[in-house]
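Novice: My questions all concern the structure below.
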Amino acid sequence: MLKISDFLKKLDKIAPFSDSEHWDNTGLLVGNENDTVTGIITALDCSAGTVDEAVMQNANVIISHHPLIFPEISKVVNEGPGAVIRKLIKNDINLIAMHTNLDHQKNGVSHMIASELGYPETEILLPQKGNFKKLRVNINTENKEEFKENLLKNAPVGDMGDYTEVSYEYRVHGQFRPEDRANPTIGEAGKLEHVDEYVIECIFDGREQGAVIDAVRKYHPYEEPAYDIYSLDRKADTGLGVKFKYGDTLEALVKLIENKTGLKPVNIVKAGDGIINTVAVIGGAGMSYSEAVFHSGADVLITGDVKYHEAYDAKDRGQNIIDAGHYIEVLMTKYLAALIEEQIDVPVQPSKVSTNPFE
């Protein structure tokens, strides 16, 4: 049986909650970590209708993209978000939000939109500068393999893109003299000791530094392991939005969106008649990033919630914009359900309840 606490760890592998923006509210918003998962509904928003749907499906978990509790609320009464919260509690349904943490993944919401359009081969549009660090730790030859296996399997190190347990090693020669109060694994107190060792190197997320150090001390046979940690200047494999190669007109792209999604774009900013070679997608409201988007080489930005003056300025700058509406993010429900089904053996259903306020 899968507990909510363990399920959250599974979700963290899909889209780490630590990748959420500082202002966001993600993770378990309503519920009990000790509950057993019976079924899951994925939704763009959690409405009263979504809760009714979960009850009908015998699902006690709803995963919404948009947080129900956002921003902070000061009371829970039987209206607005409070009414939905009360309904969740009465029916023992857990609510989990996966918002900007899902947005920031290479297979996140923007990628899901591009995939629905028939373009699954995407790259991150605006990569984040990663807080990557490198661990270098010395280990004696006799204990190298055991230590390396424990470190790579149990510590948050060695993940590089689609690869795990990545490490590098090379031989070194070390020396040390234990003081009288030391309790050395190798050698004797007061005597200079020479040892053949290996250096093991691996990359890790800088936010996990405490856990990495704890693991080194736990699995290393030495009383005082010799290790170094270096900061690295490299981009992460996370970021905002995606882009893909296209090669047709703006009008053809608009028709493609309508045909593939069943949603009619809200507004179009056409700044020229040229061929659209590179399409950028930022699900939700992405106009605040438009300068960086077009600086990256995009010919058009598909996003939502475009304001009049944003559109006016974009056209003046020669930038093509497709306002596909914020609700286009609803496409994420079936793709997230598929990602979750790869992790667990529990029924997962995309919500069939429309939360589109413009219908």
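Sequential numbering from 1, following the chain as shown.
Just so it is clear, glycine is given a Cβ too, placed from its N, Cα and C backbone atoms.
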Novice: For the divalent metal cation site that TrEMBL assigns to His65, His66, His326, Glu329, which of Asp19, Asp35, Asp103 is also named?
Specialist: Asp103
Novice: What count of other C-beta atoms do you get within 10 angstroms of the C-beta of Asp103 (divalent metal cation binding site), across all chains shown?
Specialist: 27
Novice: Given the recorded divalent metal cation site (His65, His66, Asp103, His326, Glu329), which additional residues of the same chain have their Cβ within 8 Å of the Cβ centre, ordered by sequence?
Specialist: Leu44, His99, Val109, Gly283, Gly284, Met332
